[in-house]
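Chemist: What follows is a structure written as structure tokens; I'll ask about it next.
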Amino acid sequence: MELPGDGVHLASYGPRAPQLAVNGKAPAGGLDGSGYYQCYRDGSSVASRGSDAPTGYDTVDAPPHYDFYANTEVWGRRRRVRPSLYQLSVDPEQDDFKPPMYEETAGERMGGGDSSEEEEEEHKEPPPEPPRFGWVQGVMIRCMLNIWGVILYLRLPWITAQAGIGLTWVIILLSSFITGITGLSTSAIATNGKVKGGGTYFLISRSLGPELGGSIGLIFAFANAVAVAMHTVGFAETVTDLMRENGVVMVDPINDIRIVGVITVTCLLGISMAGMEWESKAQVLFFLVIMVSFVNYIVGTIIPASPQKQAKGFFSYKAEIFAANFVPGWRGKEGSFFGMFSIFFPSATGILAGANISGDLKDPTVAIPRGTLMAIFWTTISYLIISATIGACVVRDASGELNDTLSYSSSSENCSGLACQYRWDFSECIKNNTCKHGIMNYYQSMSLVSAFAPLISAGIFGATLSSALACLVSAPKVFQCLCKDQLYPLIGFFGKGYGKNAEPLRAYLLTYVIAVCFVLIAELNTIAPIISNFFLCSYALINFSCFHASVTNSPGWRPSFRFYSKWLSLLGAVCCVVIMFLLTWWAALIAFGVVFFLLGYTLYKKPAVNWGSSVQASSYSMALNQCVGLNQVEDHVKNYRPQCLVLTGPPCCRPALVDLVGCLTKRLSLMMCGHVVTAGPSPVSERHVTWLNQRKVRSFYRGVVAADLRSGVNMLLQGAGLGRIKPNVLLMGFKKDWGCDSPQAAHHYIGILHDAFDLHYGVCVLRVKEGLDASHPPQCHVNPGFDGGPESINTVCAPACVQTSVTSSVSMDPDPQPSSVFQKKQGKKTIDIYWLSDDGGLTLLLPYLLTRRKRWAGCKVRVFVGGDTDKKEEQKEEVLALIKKFRLGFHDVEVLPDIHQPPQPGNVDHFEDSVNRFRLETNPKQDSDSGPQQQQQEEPWMITEQDLERNRAKSLRQIRLNEVLQVHSREAALIVITMPVGRRGVCPSTLFLAWLDVLSRDLRPPVLLVRGNQENVLTFYCQ
């Protein structure tokens, strides 16, 4: 057995492959008579019996196998699955518990299924194999036929007359240089992995990504559809010329071309819709006809010219004719080098005809390079030979009249032109510009030169029809792949396939309509330049794709075709762009305009595809280089940015915290959502990233496994980030349930704050009256001890949401998006800043960053500071002057002289009641060894009378501040206040937490407690 298109032989495989253990439970296994590697229920295997495994020991470990890397399955057998690390490292009979951060692999998710259904599928007949082509029939012949188009027979002699043999060779070689480089780049891209259907679009999109790939795919499909019209018009021109020679005219020359063209395109549509097998047979027939016409032409150049042919300008090989035709003879509005190049270049654009049917090739990675390069070589040789031979045999101008001969007795003094040397006088038609023959005037010059003219007509028919047919097949194939990727709206309808080969019949009809529209132009010299820029644009992108993939140094760029150069590819891309503007600058602008429009649309929509493109590799490379470069830059206060580590747990459980920090850091600095797992399974990390992306929050997600919350957060504080791009501010939710939760949880919570201070972090604590937990959160596990609510530290976010395994039937749709107070526009409210202690300026900087966002732009910022009644105005002016130097734009400053007054007794009693649970009572009968100090060492969260007395002033200050907040900021949108700091060893953790609680209690607006790391984050200096 052989897998289609990959060349991997599976002769040693049996009809049925085993299934490895899934979720620790292995299916029944053993040797099924085929001698294969099997897994058993006990997790063991028989790799040593009848297996290809390079070991003699029983093991679940599997030897290297093709199935482990393939994305597709072979009909008639189940695909093998590589064992996971969990299956290798855990005995499922002894230990069914998965590690907390365990995530099932794709292979394990595939492992389930009904065995009866699988056996039934195995007995079904395999689907019929569609026809596949090798490199000769599938690529080389197809490319040669597409290159040998209408230009070869009908315009190459005319181009030779205009540009001369010398410049015609330059045009041919320049075109071949561009197509040759593009062929090398195409070969490199096509051999960098298994190629599927879609041709040029597939190659570019999988290399550069959907943004550029989609735009070029659409343009290339359109260019091929227009090329159908170009080749069809060439065929119709020949038919109408033959009709006129025989006195047959339907309407007039232009309308005759239109009628014949539409009929021809309709017939070609029928052949193409019959299937690739019939189309390929037709191409082989056309190829044989063209080869016969070439032989007929070469023989004709050798045969001596008859008087009838001499009258039309053919004199066989003459050195004088070669010399005269070697130099240019520009005529008409198209008479220029780039005018001729624009007309000739479409004849060289057929090099991608083979790549465009990559899905119909036996082995695209072999067929595309070999067939494409051979086609370029042989067609270039044929173009050079024909231009040289036609230029050496036929003069530029001839009348076609037998009466224009010169008798041997007559004088040739009044005769002008090269034909005078051969006793022919075409002077009159040359002077009057009425010559109808010669390579400058007669498009059918190759028929004139040939030994048998009808064979050249047959060659023209074969070349034009084969090229038109190839383009008629290429355009729908490319467009079908583009439709299946769903990058653009309203085009999916055309991607549906029919039959065993999934023929895109709807796309065929669309191509037919486009071709007919351009056939109605009925002017070959008008159609050819239109598509030149589109093909050049495609070639530029192919060359740039190869260069970009090479220059990023991605380990995934490993083309088996080695004969390419990244710098040569870059040169090819630049040449294509330059030539686009030299040919038709306005058409080049239109082409680039269309590309950039489609590029912008794709960037805006952000299609959910991941193809491992070189753009992704380049993004990584650039980010890595920038990160390394930042290590050489010293920190400066002017460049300070709050880079936030947000203890959200699963981000979907605390949307308010995510929204507030996301608003602070969006397009400004780093945001990282931290998640500590202490018990139970963790949700898949990709799910959280998807949720963040759908909420349009620019944040990273980082989950760690730890024995407890504090050690996990410590891991995040020390290990999060990269180089200088690492968090410097810790944000977390307030622990509302500290009074009813275990005292150890409160101690760990405050310990996290101290750990952050020790690591030089700024710290922010957010308290929202409604709590930070979403009302109906999706599946998630809460980090113990973060957030308010009567729940215990090990509860889940909501009883209706329990995390399940990925292998269950639960839908993997993205989590719902709960709303939060920070998602709404805040209107004309106020942001109240209580700048009571100087922490370096972080308390001022965060509200300033908020006011730069649209949601908060309408809010007025008020700054409250402490002061004395008798110096109130002086202190206000001092603070205003300082804030003005910071250039923050805050103009409303209020001095609060009453914050030093004693609080109300009722509030003091309420505070004491909140800490009574944690107080140590002094017993006079206790031994000194077991006194409060000894008990506090064992339980450091407990509060002694000495602690209360020592910290009484600070406690009363927090109670009084809450009363001030109730008076001044009841209607604010947000309150930002400097966080008090309790000294370790002096202020017990529960007392510190009680301060934070009483300071922010019973406030309707959200409260953000902020404490910087006591270093400047604001400066009024310019250096």
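Glycine is no exception: its Cβ is also placed from the backbone N, Cα and C atoms.
Among the features that Swiss-Prot reports, chloride binding site is placed at G350, I351, L352, Y539. Summarising the annotation, Swiss-Prot assigns ATP binding site to L647, R654, V676, G733, L772 and lists similarity to another entry as the type of evidence. The region 'Disordered' annotation in Swiss-Prot covers 91-131. Marked as topological domain 'Cytoplasmic' by Swiss-Prot on the basis of a curator's inference: 1-134, 187-217, 358-368, 477-506, 544-566, 599-1023. Taken from Swiss-Prot, the feature topological domain 'Extracellular' applies to 241-252, 301-335, 391-452, 522-526.
Mind running through what each feature is packed against?
Modeler: All protein chains included, L352 (chloride binding site) registers 31 other Cβ atoms within 10 Å of its own Cβ. In three-state terms derived from DSSP, L352 (chloride binding site) belongs to a helical segment.
In the three-state DSSP classification, G733 (ATP binding site) falls within a strand.
Each residue in the topological domain 'Cytoplasmic' (187-217) gets a DSSP state, and the totals come to 22 helix, 0 strand, 9 coil.
Same-chain neighbours of the topological domain 'Extracellular' (241-252): 259, 443-444, 457, counting only residues six or more beyond its ends whose CB sits under 8 Å from a CB of the stretch.
For the topological domain 'Extracellular' (301-335), the residues of the chain that approach it from at least six positions outside its boundaries are 160-167, 343, 388-389, 391-402, 404-405, 418-419, 421-422, 424, 426, 437-440, 442, 445, 448-449, 451, 525, judged by C-beta separation under 8 angstroms.
According to DSSP, the secondary structure content of the topological domain 'Extracellular' (391-452) in residues is 22 helix, 5 strand, 35 coil.
Helix, strand and coil content of the topological domain 'Cytoplasmic' (477-506), in residues and according to DSSP, is 15 helix, 2 strand, 13 coil.
For the topological domain 'Extracellular' (522-526), the model's average pLDDT works out to 80.
For the topological domain 'Cytoplasmic' (544-566), the residues of the chain that approach it from at least six positions outside its boundaries are 184-185, 187-192, 203-204, 207-208, 365, 369, 573, 612, 614-615, 617-618, 621, judged by C-beta separation under 8 angstroms.
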Chemist: Cα-Cα, whole number of Å: V676 (ATP binding site) versus Y539 (chloride binding site)?
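Modeler: Spelling it out, the Cα of V676 (ATP binding site) and the Cα of Y539 (chloride binding site) are 50 Å apart.
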Chemist: Between the binding-site residues G350, G733, whose Cβ has more other Cβ atoms within 10 Å than any of the rest?
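Modeler: Its Cβ has the most other Cβ atoms within 10 Å: G350.
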Chemist: Write out the long-range same-chain contacts of Y539 (chloride binding site), meaning residues 6 or more apart in sequence whose Cβ is under 8 Å from its Cβ.
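Modeler: In sequence order, I178, T179, T182, G572, A573, C576 meet the Cβ cut-off.
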Chemist: I need the neighbours of the chloride site defined by G350, I351, L352, Y539. Which other residues of that chain put their C-beta within 8 angstroms of the C-beta centroid, in sequence order?
Modeler: C143, N146, T179, T182, G183, T186, T200, A348, T349, A353, A355, T372, F535, S538
Chemist: When you rank G350, I351, L352 by Cα distance to R654 (ATP binding site), which of the binding-site residues ends up on top as the closest?
Modeler: L352
Chemist: May I ask for the distance between L647 (ATP binding site) and L352 (chloride binding site), taken between their Cα atoms and rounded to an integer number of Å?
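Modeler: Answer for this pair: 53 Å between alpha carbons.
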Chemist: State the residues, same chain only, that lie 6 or more residues beyond the ends of the topological domain 'Cytoplasmic' (187-217) and have a CB under 8 A from a CB inside it; answer 'none' if no residue qualifies.
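Modeler: Same-chain contacts beyond the flanks: 5-6, 352, 355-360, 364-365, 368-369, 372-373, 474, 477-482, 485, 487-488, 537-538, 541-542, 544-546, 548-549, 556-561, 563-564, 569, 594-599, 602-603, 607, 609, 611-616.
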Chemist: For the topological domain 'Extracellular' (522-526), what are the same-chain contacts with Cβ under 8 Å, counting residues 6+ beyond its ends?
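Modeler: That would be 150, 154-155, 230, 233-234, 236-237, 254-255, 257-258, 261, 334, 343.
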Chemist: Write out how many residues of the topological domain 'Extracellular' (241-252) are helix, how many strand and how many coil, based on DSSP.
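Modeler: Its residues divide into 5 helix, 0 strand, 7 coil.
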Chemist: Could you give the maximum C-alpha to C-alpha distance in Å for the residues L647, R654, V676, G733, L772 that bind ATP per the record?
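Modeler: Taking every pair among L647, R654, V676, G733, L772, the longest Cα gap is 17 Å.
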